[in-house]
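According to TrEMBL, the protein has these features:
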| type | residues | note |
| --- | --- | --- |
| BINDING | Ser12, Asp15, Arg42 | substrate binding site |
| DOMAIN | 4-155 | domain 'PurE' |
| TRANSMEM | 112-134 | transmembrane segment |
Amino acid sequence: MTSLQIGVVMGSSSDWDTMQHAVEILSQFGIAYEAQVVSAHRMPDDMFAYAEAAAGRGLQAIIAGAGGAAHLPGMLAAKTPVPVLGVPVPSRHLQGVDSLHSIVQMPKGVPVATFAIGAAGAANAALFAVAMLANHNPALREQLRVFRKAQTEAARAMRLPPE
Ligand code: RP5
C-alpha cells in the first residue's frame, strides 16, 4: 500500500463542490490522499494539530481550500514546513475575490502557493502537487506527460462553432 502523500483540507463541507476537483485529479493519478474538513475558525485547535502532525505523517503537500475570510491555508503554512497549496473557494457575496485576496496576500517568509478561484484552481493545485511528486517518480512523470498530450490532442480536435 502506498503511504499517504497529499492532504486535502477545506473549511467546510460546503467547499466540496470546488475541492472535489482536486480529489478527482489525485485519484486519476493514483496518489494516496486524505480529504477532510479542518476549519480555521470553527476548529482552530484541530487545524493546528493537523499542521503540526503533517510532516511527521509523511505528507508531501497540503491542498487547502477555503472561502470568504480564508485563513486556513495561511495558518496551516504558519505551522508546518510542508508546502501548502491554497485554493480560493467562491464565496456567496464576493464570488471568491475575498478568498483569493485572503490566501494570496501572505506576509514575506510564510508562503502559500495560491491558485485560481474555483474548480480550475482546485484541479490545478492537484496537478501541481502531482508535478512535485513526479520530480522523484519517473512513472508519475510519464503519467503527467500522457495527461498533457491527451489535453493537447483534445484542444487540437476542437471545431467551431462548438457542437
Ligand atoms: C469558510 O467559510 C469555508 O471555507 C467556507 O468556504 C465558508 C462558508 O462556510 P459554511 O458557512 O458554508 O460552512 O470557512
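Cβ coordinates are placed from backbone N, Cα and C, and glycine is handled just like the others.
Automatic, uncurated: that is what TrEMBL annotation is.
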Output field, substrate shell: CB within 8 Å of site CB centroid, site Ser12, Asp15, Arg42 dropped:
Met10, Gly11, Ser13, Ser14, Val37, Ser39, Ala66, Gly67
Non-local Cβ contacts of Asp15 (substrate binding site) (under 8 Å, 6 or more apart, same chain)?
Gly65, Ala66, Gly67, Val89
Sequence-remote contacts (6 or more beyond its ends) of the transmembrane segment (112-134), Cβ cut-off under 8 Å?
5-6, 18-26, 29, 31, 60-61, 63-65, 73-74, 77, 83-90, 95-97, 99-100, 103-104, 106, 140-141, 143-144
Determine the Cβ neighbour count for Arg42 (substrate binding site): the number of other Cβ atoms within 10 Å of its Cβ.
11
Starting from the Cβ of Ser12 (substrate binding site), draw a 10 Å sphere and report how many other Cβ atoms land inside it.
18
Averaged over the whole of the domain 'PurE' (4-155), what is the pLDDT?
98
Give the helix, strand or coil assignment DSSP yields for Asp15 (substrate binding site).
helix
Arg42 (substrate binding site) - helix vs strand vs coil (DSSP):
coil
